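Chemist: Below you will find the structure I want to go over with you.
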């Protein structure tokens, strides 16, 4: 029998390739790995898109057209980034559903770190959604950020602060782009914490069988 705890204390990188779990888990446990693949794809494609993107209300839409038409393989990067975002959320909701079904929420540290990840991911997705700054994204930014005005006393002040003025304008797009660029690095950090916390104890045992048979 392998003593995983001793091995984990030998080198911190062992946390990423040694998970004390037997063959009694199902295919539903693949979605965590798929999420890491999505995160890697989004980070790489997002970096190349950011190189050519212009965070200006007069040039943002034109820069997207420039990326898809003029930049070599830019259309692949743009489409992969857009479709990858949808795949990201499909995987994460399946990942959450599996956790709810099999009672993974009982592992509180892992579950709370995952919940934090979801909140940061949703914020990142929203900031990214408005970046093309076409008619739809401009409207979405106005409608969704206006929800802050529902907060008693502080609503109007918070909305004005987020917009960078009395209406959505160039400062809004600039800060949305800055936030969309920096938040993925926070997601990567939180993902590392999530993985370390998970590998510290191992996965749950949905079938209730002996996990030492391997």
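Backbone N, Cα and C define each Cβ position, glycine as well.
For reference, Swiss-Prot lists these features for the protein:
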- 31-51: transmembrane segment (TRANSMEM)
- 75-96: transmembrane segment (TRANSMEM)
- 81, 180: heme b b562 binding site (BINDING)
- 95, 194: heme b b566 binding site (BINDING)
- 111-131: transmembrane segment (TRANSMEM)
- 176-196: transmembrane segment (TRANSMEM)
- 199: ubiquinone binding site (BINDING)
Chemist: With Cβ-Cβ distances below 8 Å as the criterion, list the same-chain residues six or more beyond the ends of the transmembrane segment (111-131) that contact it, or say none.
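Modeler: Distal contacts: 46, 53, 55, 60, 85, 88-89, 92, 96, 99, 104-105, 137-138, 140-141, 144, 173, 176-177, 179-180, 183-184, 186-187, 190-191, 193-194, 197.
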Chemist: Please give the sequence-distant neighbours of the transmembrane segment (176-196): residues at least 6 beyond its ends with Cβ less than 8 Å from one of its Cβ atoms.
Modeler: 15-16, 35-36, 39, 42-43, 46, 50, 53, 55, 110, 113-114, 116-117, 120-121, 123-124, 127-128, 130-131, 141
Chemist: Could you state the CA-to-CA distance between residue 95 (heme b b566 binding site) and residue 180 (heme b b562 binding site) to the nearest Å?
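Modeler: Approximately 23 Å lies between the Cα of residue 95 (heme b b566 binding site) and that of residue 180 (heme b b562 binding site).
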Chemist: About how far apart, in whole Å, are the alpha carbons (Cα) of residue 199 (ubiquinone binding site) and residue 180 (heme b b562 binding site)?
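Modeler: Cα of residue 199 (ubiquinone binding site) to Cα of residue 180 (heme b b562 binding site) measures 29 Å after rounding.
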Chemist: Note down the number of other Cβ atoms within 10 Å of the Cβ of residue 194 (heme b b566 binding site), including every protein chain shown.
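Modeler: So the number of other Cβ atoms within 10 Å of residue 194 (heme b b566 binding site) is 22.
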Chemist: In the structure shown, with every protein chain counted, which of the binding-site residues 95, 180 has the densest set of Cβ atoms within 10 angstroms of its Cβ?
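Modeler: Per the Cβ count within 10 Å, the most buried is 180.
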Chemist: Could you round the CA separation between residue 81 (heme b b562 binding site) and residue 194 (heme b b566 binding site) to a whole angstrom and send it over?
Modeler: 24
Chemist: Whole-number Å distance between the CA of residue 180 (heme b b562 binding site) and the CA of residue 194 (heme b b566 binding site)?
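Modeler: The Cα atom of residue 180 (heme b b562 binding site) is 21 Å away from the Cα atom of residue 194 (heme b b566 binding site).
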